[in-house]
Amino acid sequence: MTLGPQPYYWPNTEAVSYGGSPPLATRSGWMALALLPFILALSAKANLISVLTGVSHEKLQVFHHWTSYAMFALALVHTFPFIVYNIHKGDMVKPWKTEVTYWTGVATLIPQTYLTLMSLPAIRNRFYEFFKATHFLAAIIFLIFFFIHCDFRLSSWDYFLATATLYPTSLLLSTLRTLLHGRHTATLTSLPSGLILIRIPTTIPWRPGQHIFIRFPSLNLNPLTASAHPFTICSLPDHSSEMVFYVKPRRGLTARLGDAALESPGFSSTVLVEGPYGGVAGSLDWARFDTFVFVTGGTGGGFSFGVLEAVLTLGTNPVSAGGQAGGQVGVVSVYIVFATRSRGLAEWYEKEIRARVGRWARARPVNVELAVHVTSTSGLVPMVSSLGSGSALLPVSDSVEKVGGNQTGKTNLQIQIQSGTRPNIPDIITTATTPNPTPSGTSNPKRTAIFTCGPASMIADVRNAAAQAQGRVFASSYKDRDRSGSGGAEEVYLHTEPFTY
């Protein structure tokens, strides 16, 4: 649409003049302007697109980024033809001094360049707190000069009117939601693993894996603490309805929270909460799955706690192990894989998984297999001197029982902690989605749900492995199911959660 139509420049002559605005510049300028409402709408948490599609705001961020990149590219294509045209005419200085559109165009392009370059993942992650504190100011400067630059030409006003309707409405909805939730009290506790435990009693309902934005106005007020920060909820709503968060102190707000928790154990702070957002789809039928896989890394492991509790608290599944209704209750398999460089985080994660399995053991038979990978060998003291890199440090097998009424439920828990290894994600996903053979030689197709939260490389590996498993589901749908085990799973569901915001 931009480079296809020609000519790029008008073939002006002394006898015929089509004007001084090159077609390429005009076309790309209007296309850039048309993206403005979408860019701002996609950046808001409570936005119309999420309402209409049910897709949470964090899943729309990729579209926000790429529409911004497209707008920047179109802005450059809009700018350069004017420079070429005026230099060719030999009067570049004159329009700069006499026409407001020229210098306001440059004034618009400067903050847009800053926003685009600073939002590149490598730069944004490295200087996140600085970008967070400055990008609102840069965006305001950009919009002001962009508005002046357009100067009410033709229908340009319509795009600014759409932007001025969509984005403030989203901000208003977010603010009203925060005010309706009221004030809450957050209690901070420093853990031996180096994490901060945050507890917030609340009556706000939430689903597994959802996150909220928290403001800490009682801390020393500055641009970092005044803005909301996202935290993943690591618990399920029960009779106590307490939101639990595990936070790794890094820079900015989380560093200040870590200092407060260390200086004053049990530190309490008044907070404002907005949300919840995201999480596992509310329409997901948990009971239809017989296999659950959790692949997490670092502090992303906290995401798995609430989702695991949702799996363990499921009632008796009327679907048999063979995936057909009316059969005997099948055993649910749960595979949990956690990778970290820290032995302290490994011990913390193992302890939390044990606590949740012990608390939520039910009448439904569940087999839980936990594999913890400590990827770094520095600072580790082997429990047995003969163990080397890649050997199991702490192989444990036990079971947790809970008696309810006349039924005794049993949840089997197997734990293995390994040092100096990384999880083989493709093999894990393949195993979890491969039908189990039966004594008769046939196989029962699986319905597998996969959940992941961790570094970008880990999520990419899980996505690729899940896509291959889903490809096997697609391929097997064209074959006669003789239950010989040659096909893939009957269903594969994948939910990914971003590790950083």
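Note that Cβ sites are derived from N, Cα and C of the backbone, with glycine treated the same way.
Just so it is clear, the model here is predicted, and its values are computed rather than measured.
Annotation source TrEMBL lists domain 'FAD-binding FR-type' at 166-283. Annotation source TrEMBL lists region 'Disordered' at 478-501. The transmembrane segment feature in TrEMBL is assigned to 30-54, 66-88, 100-123, 130-148, 160-180.
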Taken over the domain 'FAD-binding FR-type' (166-283), the model's mean pLDDT | 88
Spatial neighbours of the transmembrane segment (100-123) far in sequence, C-beta under 8 Å, 6+ residues away = 65, 68-69, 71-72, 75-76, 79, 82, 131, 134-135, 138-139, 141-142, 145-146, 148-149, 151
Summarise the domain 'FAD-binding FR-type' (166-283) by DSSP state, stating how many residues are helix, strand and coil.
-> 31 helix, 42 strand, 45 coil
